Amino acid sequence: MSSIEIIALALGALTIASALMVVLSMHPVRSVLYLILTFFLISANYVLLNAQFLAIVNIVVYAGAIMVLFLFVLMLLNLSKDNEPRASNIMKLAASLAAGALVIVLVAALKDAIYLPVVENVQGNSQGLVENLGQLLFTKYVLPFETSSVLFIAAMVGAVLLSKKEKQIID
Amino acid sequence: MLRSANFVGLLYLNLMSDVQDYIPIVLQSLVVLAFVVGTLVFAPKLGPKLSSAKKDANWECGIEADGNARFPISVRYFVIAILFVLFDVEVIFFYPYAVNFQALQLEGLMAVLIFVGFFLTGFIYVLKKGALEWEK
Amino acid sequence: MDTGLLIEKIVLIVLLFAVSLGVAAYLTLLERKVAAWMQDRIGPDRAGKWGLLQPLADGGKLFFKEDFIPANADRFLFIIGPGLAMGFAMMTSAVIPWGPNIQAFGRDIALQVADVNIGILYIMALSSVAVYGIMIGGWASNNKYSLFSAIRASSQMISYELAMGIAIITVVLMSGSLSLREIVDAQHGFWNDGYFTWNFFKQPIGFIVFFVCTVAELNRAPFDMAECESELITGHHTEYGSMKMGFFLFAEYVHLFIGSAVISALYFGGYNFPFMDYFSGNTLAILGVLAFFVKTGFFIFVIMWIRWTLPRFRYDQLMGLGWKKLIPISIVNMVITAVAVAFASGWFSTDKKDQTEPASAKMEVVADKQKLTLNQSTIKH
């Protein structure tokens, strides 16, 4: 086993551990903190795969923007101790059954991918560097690129609707 | 000590040049982590420690606190955060273009101008609908 | 990369760490001196000559103060908050090129911790995660004023990040790289081909947008909605004491130092200075570092000057400036720059003969690079 494989394995284990902490932590704000840590570790994985631009975009967009949104949502909700929803045992059983079913589906879907050699072949590949990525994005994939902006406008319409709703409440 | 240094050196050799650039960042984060954790653990031990119900209460201008600070905030902030996520992703798209600006020539410029058009359409829509108005 | 390079990097990291902390400590003194000077006072002058020992006295005092945690605060997050603020602040300096390469001990030492090819995005990323220190700290205090401060500050910081990102794009567009080293090297000297080389003279509007956004990101007056002494009783660190509060204060000054360094690297040539071609070797390196620190110091002073001159914005004015003015200005500036550069390169001319073909040339370079890296990896295996 080469040293890069050891690093990749250790990093993978850390990533999974911190991702587990996201779901195991009982406190929503702490979960968000662990999720931020997970994004940083995923970025480290991207760097190992030589996808540097993706690594930094992952931090800017996910750790820097979407997690701020998550925290705002948590602060928007009422987090007082007294009105915390209490889960009954049947609910817990149902939740674990549903989650278990999801795990089976995911493992079934990913079982072919697991046996692919992960690290070795990617090392010589410089596709993830920003120059090459830009070349591809603006030549071969220019249509999906333009289409994504329409998607953004759709999302903006949704956000604007949200802000309209509050006004009615105030009135 | 020397042997462990050699081991780290070997690690270096096996990594590719681009990935190698990040090792100093990892080292710096370790130094910073050690400093921050060390200070947060040891500094509190230096000072005195006194506590009482009145002293440990929150300080809200000297008036007795009414309830706690776990109440819902205005949805405005939430809308701002959603719009920020959307525009941030759009802005990120410009970076690979800016790096390849000279290489992509006119076709790239046209693609980006169309994208900027969509960006501005969305922006003007948000502006006209008053989502950014703070108070009305 | 070998063990020597590793030791060199570790020395550089420790040195940079010490310099950042030292500069931040003395910026607290400088701020008080500048404020005193502008308000016709004397300022701190008891600890040492001209109060030069004041930062040490302040630091010592903070260490020996009682470490206070409110009874109904979230203890874990309350402790994590200042740690995050300080940690992210200290990490930003990694990609800044502090000077030209220096020759020592028979080695060519780069005065930059990590020359990554996404350098400027690294700074963007760290400034976008810097909100968590304030947000977590303010929320965990369980104080209403701290909560307001945390939400206001994070909302403000994410709003100004957008315009900042677009302003940076124009700089990247002209230098063709995200690496800070290359952006600085593209501004070599001061005067070339009948025009200034520094980005400020090519991008004055971009500079103004970037500068305003930097001040807003630093949470300094007139954008100090996070602290707001008169209405939020210093906001997110109301409940903090001892070194935890010290971390918040220090993080602010480290950000001020690094932010000014980024401004001078992006727009004012970094370590480049006029007539630099008459020097070489270590003389050039030392003068370059000095030039960089002089520029950084100048911007630190300007930002302090602004703080003690302008009153604070109202919150809706602040958000209005960020969203309705700076974003449109910077995006129009970006489009104009792109079209102007395209026009100057003759992309719009119908006469195709004049055009060289950098597109294919670039492709070849990329292909060569790929081949090279492939060769390297085959040799290794």
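Just so you know, glycine gets a Cβ as well, placed from its N, Cα and C.
Sequence-distant contacts of the transmembrane segment (C:6-29) (same chain, at least 6 residues past either end, Cβ-Cβ under 8 Å): 44, 51-52, 54-56, 58-59, 90, 93, 98, 107, 109, 111, 113, 249-250, 253-254, 256-258, 300. Annotation source TrEMBL lists transmembrane segment at C:6-29 (among others).
The annotation transmembrane segment is assigned in TrEMBL to C:76-99 (among others). With a cut-off of 8 Å between Cβ atoms, the residues of this chain six or more beyond the transmembrane segment (C:76-99) that come close are 16-17, 20, 69-70, 110-116, 119-120, 122-123, 126-127, 129-130, 132-134, 136-141, 180-181, 184, 236-237, 239-240, 244-245, 247-248, 250-252, 254-255, 258, 261-262, 265, 270-271, 285-286, 288-289, 292.
Residues or ranges marked as transmembrane segment by TrEMBL: C:119-141 (among others).
Summarising the annotation, TrEMBL assigns transmembrane segment to C:162-180 (among others).
What TrEMBL records for C:200-218 (among others) is transmembrane segment.
Residues or ranges marked as transmembrane segment in TrEMBL: C:247-271 (among others).
A Cβ distance under 8 Å defines the sequence-distant neighbours of the transmembrane segment (C:283-306), meaning residues of its chain 6+ beyond its ends; these are 27, 30-31, 34-35, 38, 98-103, 111, 214-215, 218, 220-222, 256-257, 259-261, 263-265, 268-273, 276. As annotated by TrEMBL, transmembrane segment applies to C:283-306 (among others).
Sequence-distant contacts of the transmembrane segment (C:326-348) (same chain, at least 6 residues past either end, Cβ-Cβ under 8 Å): 160, 162-163, 166-167, 169-170, 173-174, 203, 205-206, 209, 212-213, 354-355. Sequence annotations record features per position, and here TrEMBL assigns transmembrane segment to C:326-348 (among others).
Tertiary neighbourhood of the transmembrane segment (C:162-180): same-chain residues 95-97, 112, 115-121, 123-124, 127, 186-187, 199, 202-203, 206-207, 209-210, 212-214, 217, 265-267, 270, 322-323, 326-327, 329-331, 333-334, 337-338, 341, selected by CB-CB distance under 8 Å and a gap of 6+ residues from either end.
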